[in-house]
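The structure appears below as structure tokens.
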Amino acid sequence: MPDASLFNGTSFITLFAPNISLLQASIDFYTNFLGFAIRKNSNQKLFWLQLEEDQNNVSIQLILDPEHAASVSQIDQNIRNLTRSLYRKDWRSIQSNIAFKSSSLSKLVKLLKDGGHPVQQSPNEISPFEVYTVDPLGSLIGFSGFKNPFAVNERSLLPKVSEEKAYRAEDDSEKLLNPVRKTIGVMTSGGDSPGMNPFVRAVVRAGIYKGCKVFCIHEGYEGLVRGGEKYIKETQWHDVRGWLVEGGTNIGTARCKEFRERSGRLKACKNMIDMGIDALIVCGGDGSLTGADRFRSEWPSLIEELLQTEQISQQQFNTHQNLNICGAVGSIDNDMSSTDATIGAFSSLDRICRAIDYIDATANSHSRAFIVEVMGRHCGWLGLLAGLATSADYILIPEKPASSREWQDQMCDIVGKHRARGKRKTIVIVAEGAISNDLSPISCDQVKDVLVNRLGLDTRVTTLGHVQRGGTAVAFDRIYATLQGVEAVNAVLECDADTPSPMIAIKEDQITRVPLVDAVELTQQVAKSIESRNFKKAISLRDSEFVEHMKNFISTNSADHVPPSLPLEKRKKIAIINVGAPAGGMNSAVYSMATYCMSRGHVPYAIHNGFSGLARHESVRSINWLDIEGWGSLGGSEIGTNRTLPNDADIGMIAYFFEKYGFDGLILVGGFEAFISLHQLERARINYPSLRIPLVLIPATISNNVPGTEYSLGSDTCLNSFMEYCDVIKQSAAATRNRVFVVEVQGGNSGYIATHAQLACGAQISYVPEEGISLAQLEMDINSLKESFANDQGKTKSGRLILKSENASKVLTTEVISTIIDDEASGRFDSKTAIPGHVQQGGIPSPMDRVRASRFAIRAVSFIERHSDRCQTFKNSISFRQTDEITSTAVVLGIHKSQLRFTPIRQLYDFESDVPRRMRKNIFWSNVREISDMLSGRTSL
């Protein structure tokens, strides 16, 4: 029970409860935690509460009144929203609060936290002036230590301590203010990978934001064993500035034999205790994570031994009884089970695809064959996806071995047929772990000898080596490494001694936690299965997407060169059209659709220059294999695209040409214009029988605003292109010192690109159409810039970025915002604008866009195959009606939590679309905005 003098100020408030249980919970909250006493009880429906021995007559009236009270569901939702935004938003900006004055905030914080109530402290947890919590009715209760409610320079409420004591890890005042405050250590181990620096940056800033101390352990386990301030360094917020753009790991990594022995782990334990570290976050491969989990399991015996040998005190022993461990996978091979992607894998894939794109030019010039060796000792993910993204002629990976004679015959057969059809170049990708089915390794020189001796090709070998590891991370790795770093901090703060060590994973495009031991065991089973020649089990342990990519590569690689897999009566005529603005991956979709159709026996058609090209010029061409060779690596749209809709182009003429060519299915590739086009075609079916065919939309737009999907082709290419642009701009701002750039972002009414670019580029502020720009927010942001630049005196990397979506505000344009900032800066810093414009569409598509375009296109063709016969039954029906069965044949193919699904256009158009704003109704990236603001130190109103 707190003292009666704990707080005062507000004289009288009335609160309504919807039921008896919440009424009683509220009474318990105010009496047990805040020191109120029941002064009056009227029929168990009205209670008067008053502070005990209070001179200011502070009273609360609690009334059971379902009519005036918020509903139970509303109260629960409000409490969930506040709890979820505890570390992300200032509660004062979310709802109004009931305010009290208190002379003992530290005591109040301890009482509330001991009772399990969420507590938000402002401006920080070290020296709070205001404290906020939530009562059982969802009311926001505030407590201020200010005598003057408008004061900003009140003395610190921390107990006075000596300077020496203030720097001790076991400082009593810190314990009083935050009894569960942790000290987190973060390290990188094993092979380096792009994205490790963004991960460490996220851990440091998220940890500091949540009131923790964070130590970076340099040189991996080697630094942990050696210890001392040289290897284990406390890291501040500004220390990790600029790390997003840097490749590798700035805190170093090294393999450590000593840590494999118990004596080495004992030293590591002692060093961690000396620094006060009670939680460890490790980013590395399966070996590094296995070592971390073993370290945790031995921790009780290690500290017991340290106590027995008097290397630590009894107090240290009591304080560090448990060690929380959390792992994240940093590996370019993408060889960890239980996660869809490891940190650095897509960056490495990007390096490989760029290198092969460059090699293509010289190979084509000299009509040569190139053997390209890529990394992947036990995992062929890099080789497989690189082969799919670059349309390689043949790949050799560990998961699909064959006898020496078999792979040689198969490779020569495919390459020979490609050459006979007129292809001038040959690319064969060999994973470093490629083997034949007798487990003998397959070297690049062996492959070269086969091509030279059997086909007489001028052949060269290129080993990419460590080029695959180097360089800055791509947007995907920056974003997801950052999200994993934040989640790792949450994990070590939430786990207890009984919780199995978690590993942060990406499953279904969501950041999740999986048991670390289970993930490592599954990963090691793959290598064991390959060693025991159980190749079916090895590939079954890979995720389903890996198997699908394998099948897709085999199908597209054999296009038009082997007998079709479908009988004659099952073969169709399938058309593809691009609609809307160009987007990375459009050509890849056309290439994959056409080659897959050829392998199945279908006839692929391309409609050139959109619906206007079809209606005005009958721009329909059947697709020839050699004509589209190399399209997978090209940006833009080779068949042409525009924004003309079917109704505007003459839908009657479009239907006529569909009838003339006898199309059995149509694939649309494009953005919101393609979405509207699909809707118009589906509605016109009642008048035009030729449109009663399966219709599939593959979303492709940099805005990622198409309803029915969380990913559109071109958005990843756009993010990478815009990120590279911002990296250069930020470098200029940092070199100039005291400069902020306001960069305009495309995306229409969608803030997807601006939000994710803020996370990938480290921009301090982003403005998006979903939120708009209020004058209050702009004023707060400018004040934040002033403080940032004032604190930057003498520091490097002092440039700042502000991202502004083009439609965030029609009044506060990019130029206007820059001018306002310049004026408010009063010469302390300056502001410039940068408008990249259509540069954001990107040039060569990213590997992710290429691979997903292939997957989308093949799924779309398969959908047409499944539904074509059904459509034939009602195609010429006089009594045609739009039943659910019929409407389900006009669909949007999209990704929802990494699962591909087909959603009827009618459902999406009627219920999930904001057509006037050209947007989807559900905004799925709002949590990313909160994390972006948290890591940039921005307060969002």
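Even glycines carry a Cβ here, placed using N, Cα and C.
Noted in Swiss-Prot for the protein shown:
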type	residues	note
BINDING	Asp286	Mg(2+) binding site
BINDING	Ser331, Ile332, Asp333, Met375, Gly376, Arg377, Glu432, His466, Val467, Gln468, Arg469	beta-D-fructose 6-phosphate 2 binding site
BINDING	Arg368, Arg460	beta-D-fructose 6-phosphate 1 binding site
BINDING	Ile395, Lys400, Pro401, Ala402, Ser403, Ser404, Arg405, Gln410, Asn557, Ser558	ATP 2 binding site
BINDING	Arg643, 701-705, 746-748, Glu806, 838-841, Arg918	beta-D-fructose 2,6-bisphosphate 2 binding site
BINDING	Arg739, Lys832	beta-D-fructose 2,6-bisphosphate 1 binding site
REGION	2-558	region 'N-terminal catalytic PFK domain 1'
REGION	559-572	region 'Interdomain linker'
REGION	573-941	region 'C-terminal regulatory PFK domain 2'
Original post:
Same-chain Cβ contacts of the region 'Interdomain linker' (559-572) under 8 Å, 6 or more residues past its ends?
Top reply: 414, 417-418, 421, 594-596, 598-603, 625, 664-665, 864-865, 868
Original post:
How far is it from Ser403 (ATP 2 binding site) to Ser331 (beta-D-fructose 6-phosphate 2 binding site), counting Cα to Cα, in Å?
Top reply: 30
Original post:
So what's the average pLDDT for the region 'Interdomain linker' (559-572)?
Top reply: 87
Original post:
Which one is closest to Asp333 (beta-D-fructose 6-phosphate 2 binding site) in space, judged by CA to CA distance, out of the binding-site residues Ile395, Lys832, His838?
Top reply: Ile395
Subject >> Those residues of the chain, 6+ apart, with a Cβ under 8 Å from that of Gly748 (beta-D-fructose 2,6-bisphosphate 2 binding site) >> reply: Phe672, Ser703, Asn705, Pro769, Glu806, Asn807, Arg918, Met919
**OP:** Give the residue counts of the region 'Interdomain linker' (559-572) per reduced DSSP state, in the order helix, strand, coil.
**Re:** 3 helix, 0 strand, 11 coil
Original post:
Looking at the binding-site residues Ser403, Asn557, Asn704, Gln840, which sits with the largest number of other Cβ atoms within 10 Å of its Cβ?
Top reply: Asn704
Subject >> Binding residues Ile395, Lys400, Pro401, Ala402, Ser403, Ser404, Arg405, Gln410, Asn557, Ser558 (ATP 2) - maximum C-alpha distance in whole Å >> reply: 20
Subject >> DSSP-derived class (H/G/I helix, E/B strand, else coil) of Asp286 (Mg(2+) binding site) >> reply: helix
**OP:** Round to a whole number and give the Cα-to-Cα distance in Å for the pair Ser331 (beta-D-fructose 6-phosphate 2 binding site) and Asp286 (Mg(2+) binding site).
**Re:** 9
**OP:** Measuring CB to CB from Arg643 (beta-D-fructose 2,6-bisphosphate 2 binding site), give everything in the same chain under 8 Å that is also at least six residues away in sequence.
**Re:** Val579, Gly580, Ala581, Gly610, Glu673
Subject >> Local backbone state of Arg368 (beta-D-fructose 6-phosphate 1 binding site), from DSSP in three classes >> reply: coil
**OP:** Quick one: give me the count of other CB atoms within 10 A of the CB of Glu432 (beta-D-fructose 6-phosphate 2 binding site).
**Re:** 21
Original post:
Using Cα-Cα distances with a 10 Å cut-off, which of the binding-site residues Asp286, Glu432, Val467, Arg739, Gln746, His838 are near Arg405 (ATP 2 binding site)?
Top reply: none
